[in-house]
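What follows is a short report on a single structure.
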Amino acid sequence: MPSFDEVLKEAGEFGRFQKRVFFLLCQTGITFSFLFTSVVFLGQAPGNYWCRIPGAAKLSEQCGWSLEEERNFTVLPLHLGNGSSSGECERLDVTWDASVSCAHPLAHYGNGSVGNLPLTQCHDNWVYKQPHSSIVSEYNLVCGNAWMLDLSQAILNLGFLTGAFTLGYAADRYGRILIYLLSCLGVGICGIIVAFAPNFTVFLIFRFLQGVFGKGTWMTCYVIVTEIVGSDQRIVGIVIQMFFTLGIMILPGIAYLVPTWQGIQLAISLPNFLFLLYYWAVPESPRWLLTRKKGEKALKIMHNIAKHNGKYLSPHYSEITISNEEVSNPSFLDLVRTPQMRRNTLILMYAWFTSALVYQGLVMRLGIVGGNLYLDFFISGAVELPAALLILVTIDRIGRRLPFGIGNIVAGIACLITAFLPEDIPWLKTTVATLGRLGITMAFEIVYLVNTELYPTTLRNFGVSLCSSLCDLGGIIAPFLLFRLAAIWLELPLLIFSILAVVCGLLVLLLPETKGISLPETVEDVEQLSSHFGKCGKKRKHRDTNSYI
């Protein structure tokens, strides 16, 4: 009786059907990148704002002042009296009422000397020239509240972390496509609520939930694509991440054309509803169906794949081999119970953490150095394309491990060199740091593929989700690590990044090579993999199997 990989080869490993499903699911990478990086535009600092004196709004209406005239009467005298004050986070400690002159509202305070007037901190009475341009102006995330903008991104990463555990588990138990569709619906609904959140608390709650569902769409679509193609075609997972980069390059165009943060939020959330149409276009993973003892449904999907690919399944393909490995609800213990699984899991968790920490750290360090925000952001995304191209060129020729390790080591060495380059040659520092960015981007993209290939079907979605949760932990830690260490010495974060990346590069060389091998179906298959490519060939030891009609 044929195995699933034999049936897949007969039906077509990457035919018209898989190409269509692949292209459809790639769009998820674009929308997920919108969610992942949108805070850059949702949280733009307001260009011009100041703290309003109590009673100024009513007096401004009575006197017929424009906003600019009101600002001149409040901020300009403050600046003249106290040159260190810009009027953004503090104001004159006075109150205006009907007795105040429209022509000289400060005339009867301080005996004509503004410098003698007391100052007080501003708490909730800011005026913005563009009050709805970003969440900063919408929810007053300025001055003492500025840390709340960082909180909003941390909350999103916490959502990613939660989604990795909950929806990764659900996809292994209830099916890939069901969880994918529910996640798309959740991202869309939560995105709309975020856009119209009446206060910052509601904004944070539903941004967290959007992160939960967003992680569900990204991880599940990746697993679906990997499970319906042949072993020689699994680099399509790298191409999915190129669509993530494409989303990074598209987002500044959306932000440039849409003037308000609510409009941007809707523009990046509503497309998720279109993915619900995939119910009629993307099937359940036949590999998953076999592990749930639903061989008849799996075989029906395989016949459909063969038909669309212009192939014909032989009559003896009425049964497909499935493992007699007991299917149970996955847990962390399943990932560390056996030696090879334990080694794979621990190394992959560290690789995810390091990739996210170093990647986001380098992005924030290079950052957007003044200039045109939209153009700079576009260029920062374009920098990632060469990394994906290098992977596509090398990964099927020399395997996964070597590019994976070299990418980390190059990133680590580049960080170390950048830290000690003199400041008077900034172009060289930028160039070497960019080389580090390319290296860690390669590592970040390869870890997705390797993680998928090193877990059996029964644990694949849960394993990928659990290990990738360390990516979200790294994303939460990165800004705090960067800015706190930089306060001690500007280049100190680069030394930490260097150590983490080089250690990661050495550890991943201990992983089994997965180039050209079939996806493991059971834990036994994983244990038979060797860290030496010559011993991890396509043939496996015989094991008892059953057929499901």
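Each Cβ is built from the backbone N, Cα and C atoms, and glycine gets one as well.
According to TrEMBL, the transmembrane segment annotation covers 21-42, 154-171, 178-198, 204-225, 237-258, 264-282, 347-368, 374-395, 402-421, 427-450, 462-482, 488-511. According to TrEMBL, the feature domain 'Major facilitator superfamily (MFS) profile' maps to 96-516.
Note on the domain 'Major facilitator superfamily (MFS) profile' (96-516): its mean pLDDT in the predicted model is 82. In this chain, the transmembrane segment (21-42) lies out of contact with the transmembrane segment (427-450); the count of Cβ pairs under 8 Å, excluding pairs fewer than 6 apart in sequence, is fewer than 3. In this chain, the transmembrane segment (237-258) does not touch the transmembrane segment (178-198); fewer than three CB pairs sit within less than 8 A of each other, excluding pairs fewer than 6 residues apart. The recorded stretches the transmembrane segment (204-225) and the transmembrane segment (402-421) do not share 3+ CB pairs below 8 A when only pairs 6 or more apart in sequence are counted, and are therefore not in contact. Sequence-distant neighbours of the transmembrane segment (488-511) (same chain, 6+ residues past either end, Cβ-Cβ under 8 Å): 343-344, 347-348, 350-351, 354-355, 357-358, 361-362, 365, 401-402, 404-409, 411-413, 415-416, 418-420, 436, 439-440, 443, 450, 454, 481-482, 531. Most Cβ pairs under 8 A with the transmembrane segment (237-258) among the ranges 21-42, 154-171, 264-282, 374-395, 402-421 are made by 21-42. Only pairs six or more apart in sequence are counted, and the transmembrane segment (462-482) with the transmembrane segment (264-282) gives fewer than three Cβ pairs under 8 Å, not enough to call it a contact. In this chain, the transmembrane segment (21-42) lies in contact with the transmembrane segment (264-282); the count of Cβ pairs under 8 Å, excluding pairs fewer than 6 apart in sequence, is at least 3.
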